């Protein structure tokens with residue numbers, strides 16, 4: 001069983017590094033293969049996710065580089081994620097899920113109809129755009145604390161749209177910020193004592209291996225690969241959320 005869990009974590013790390021959404025793989029596997037309560041599953045997944053995402057971020061930043069303002073965005077998003085994790089019990093899933101589903105459909109349609117969106121470019125960094133990005137990452141950080149799936153994708157979309165830069169540059173920024181959102185949520189989960197550290201550390205190692213492969217896949221495949229992965233994740237998330245709505 002542990003080999004299966006490690007393989008799932010490595011695959012989740014690869015997905016997270018390419019576009020985000022690794023939790024869609026690892027969380028269901030942990031729920032079905034272990035007897036841990038839901039809170040422990042989410043917390044243990046966060047340990048693996050932050051390890052892999054941080055590893056991918058280091059590789060992408062080293063190869064692509066990110067502006068220093070990115071670290072400010074990371075702090076903002078991390079705080080928002082911690083607040084979101086604390087407020088998770090106050091959120092009504094029956095209201096939030098349809099809204100997220102509509103947003104995902106909108107993202108998918110926009111990317112599909114705009115093939116030049118996300119092509120490589122240096123980007124535009126005016127004061128208004130920098131301020132808008134700060135607001136957007138705060139919202140996405142809160143989303144990661146409450147829900148989580150697709151956070152990396154939303155960050156890539158946000159940085160690409162706000163700064164009109166390429167997907168690969170946006171992915172590097174997104175990984176830095178996503179590491180912070182995972183850390184913010186993990187801090188709250190850690191205080192609650194929900195983390196199964198023995199399993200989490202093993203999954204973290206596997207996740208890092210997958211994330212390193214994923215980061216290299218992004219650098220090799222470029223914007224075209226990220227675009228295809230983004231559309232694939234949108235379809236997967238829409239199917240998951242749509243099924244949950246039907247079940248409820």
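These residue numbers are counts, starting from 1, taken along the chain as shown.
Heads up, the Cβ atoms here are built off N, Cα and C, so glycines get one too.
Annotations in TrEMBL come from automatic prediction, not curation.
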Of 30-51, 184-205, which range does TrEMBL call transmembrane segment? 184-205
Residues from the same chain, set at least six apart from the ends of the transmembrane segment (129-147), whose C-beta lies under 8 A from its own: 69, 72-73, 76-88, 91, 96, 100, 154-155, 158-159, 162-163, 177-178, 180-182, 184-185, 188
Any chance the transmembrane segment (95-117) and the transmembrane segment (225-243) have 3 or more Cβ pairs under 8 A, given the pairs are 6 or more apart in sequence? yes
Can you name the far-off residues of the same chain, 6+ from the ends of the transmembrane segment (69-89), with a Cβ under 8 Å from a Cβ of it? 125, 130, 133-134, 137-146, 173, 176-185, 187-189
Any residues 6+ beyond the ends of the transmembrane segment (184-205) with a Cβ under 8 Å from its own? 2, 5-6, 9, 26, 34, 36-37, 39-40, 42-48, 50-52, 77-86, 141, 144-145, 148
Do any residues of this chain, six or more beyond the ends of the transmembrane segment (153-172), have a C-beta under 8 angstroms from a C-beta of it, and if so which? 19-21, 57, 60-61, 63-66, 107, 111, 117-125, 129, 132-133, 136-137, 140, 143, 178, 218-219, 222-223, 226-227, 230, 233-234
